[in-house]
Structures are given as C-alpha cells and as structure tokens.
Amino acid sequence: MNRKEISKVVDLVRESNPLVHNITNVVVTNFTANGLLALGASPVMAYAKEEVAEMASIAGALVLNMGTLRPEEVEAMLLAGKSANVNNVPVLFDPVGAGATSYRTEVARHIPAEIELAIIRGNAAEIANVINERWEIKGVDAGAGNGNVVSIAKQAADELNTVAVITGKEDVVTDGQRTIVIRNGHPILTKVTGTGCLLTSVIGAFVAVEKDYVKAAVAALTFYGVAAELAAAKTVEKGPGSFQIEFLNQLANTTSGDIEKYGEIEVI
C-alpha cells in the first residue's frame, strides 16, 4: 500500500458523492455535515427510530457516534445498524468516551455485539475499554495512557472482527493482519471540538466507495491529516477559530496530488 494507491480513493469519493448516514452527537452535527459536504460526500442526519432503518438501507455508509448518549439514540443506532447489515451497508462505530462511565461503557460494548462493524474508530482509551482492557480515561477526549497502541488495535480487530482505527499523535489502522501507521495531522486539531467525530464520518465516505476497508481508512486518515497540515500552515498563528474555517476549505481543496506529496504512511 503506497501513497499513489491510496490517493486514488480521494478522487473516487469526489466522483461518487456517497451518501453518509450519521447518527451522531449534538455537539458536532453541523461541523460533521459541513466537513462531508466540503469533502464531496452527501451527509444525512436522520435520528428518528421511525425512519433510521429505511435511511440506513439506502446509504453508502452508516456512522454511529455515541458522543451525547441517550437511550432513544441507542435504540435508533441498533435499528439502523441491523438494517445496514441486512443491506450490506458498511457500519462505522465511534465509541466516544467509552470507559468514562459505566453506562457509556456498557453501550460501547453492546453495539459491536449486536451489529457487524466495518470500522471501529476511537482513541486508545476508548478502544481499550470497548474490549475490556485496562486503560485510564479522564473525560470523553482522553487518549493518553500506558499500553501498546498497536497491540490494542490488533486485539480489537480480532475480537470484534472489524478494522480497528486508533487515532492520536500517530494513527494506527489494522484488520489484525495488515497494520499501517499514518503520521499526518497537526496538534491544533485537538483545539477544535468534533474533529475526531468528523474524521469517523470522513472514513465513512471513503469506506462507501472502497471495499478494502483497511485501504479506505488509510486513505481517509492520510487525506484528513494532510488537509489539517495545510490548514494549520495558513492559520496556526491566528488560532483554532481561523483553523476550523480553513480546515473546511482544505477538505474541499486537498488533492490526490497532495496526498502523494505529503502523505506519511508506514506498513508495519
């Protein structure tokens, strides 16, 4: 897997304009929709249990994000996820804050038990808590801790029969057999709420057009990281507000050529 190979997926997303169904949290809904639109995908935010199964059945990908967790949304996620499975629509799960509370952790473990996942994406603490491995967490954005990130990712991929994506200073993608590290991105991403949640939805757009989910995830992470680097180069001295706006611009303007030029990936 090389930069030229993954760069082609960016063009495919823009040519295909995939429909990404998001059941996400109230903090990030607007940013997620705008980010997907900038990229070239078509977002839909449908939450009502009366319609989620139908909407999921016609989507290119379904993204389940449990950031602002409520029982009615969990019910909707399960209905949508099972419909997506029946209709061969890939499901992505973002277990935001898994490990922070007992209820949140219970839901984070219940959803993968009920729904076949194409991708699970979170920080190291979240993924570790989903698979019941010890990892300290403080708040929903905690990611630092003691442990081997690659090992946790591989264990999650094996136990959940999915592609595991752990994001942080370096990003890890694995299906348990193939493991790739991506080293693109910028620290200012942590100063804008919703950048991790948007990332999961961006991976959804890539998964909708590329059935090799490892390749799709690596392409999405590299694209996202390069876009962040280009945006930061123009705005980092101004601050996170300016960065957020420019990041949306770069999601629209970052090309496959930029991926080939700036992408930093390593197969391990």
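Heads up, the Cβ atoms here are built off N, Cα and C, so glycines get one too.
Feature list (source: Swiss-Prot):
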BINDING   Met45, Gly194  substrate binding site
BINDING   Arg121, Thr167  ATP binding site
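What Swiss-Prot annotates, mapped onto the structure for a quick look.
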residue : record                 : contacts (Cβ under 8 Å, 6+ apart)
Met45   : substrate binding site : Asn22, Ile23, Thr24, Thr29, Thr32, Ala33
Arg121  : ATP binding site       : Leu92, Phe93, Asp94, Val165, Ile166, Thr167, Leu199, Thr200, Ile203, Ala217
Gly194  : substrate binding site : Val27, Val28, Phe31, Thr32
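DSSP assigns Thr167 (ATP binding site) to coil, not to a helix or a strand. Mapped onto three states, the DSSP output places Gly194 (substrate binding site) in coil.
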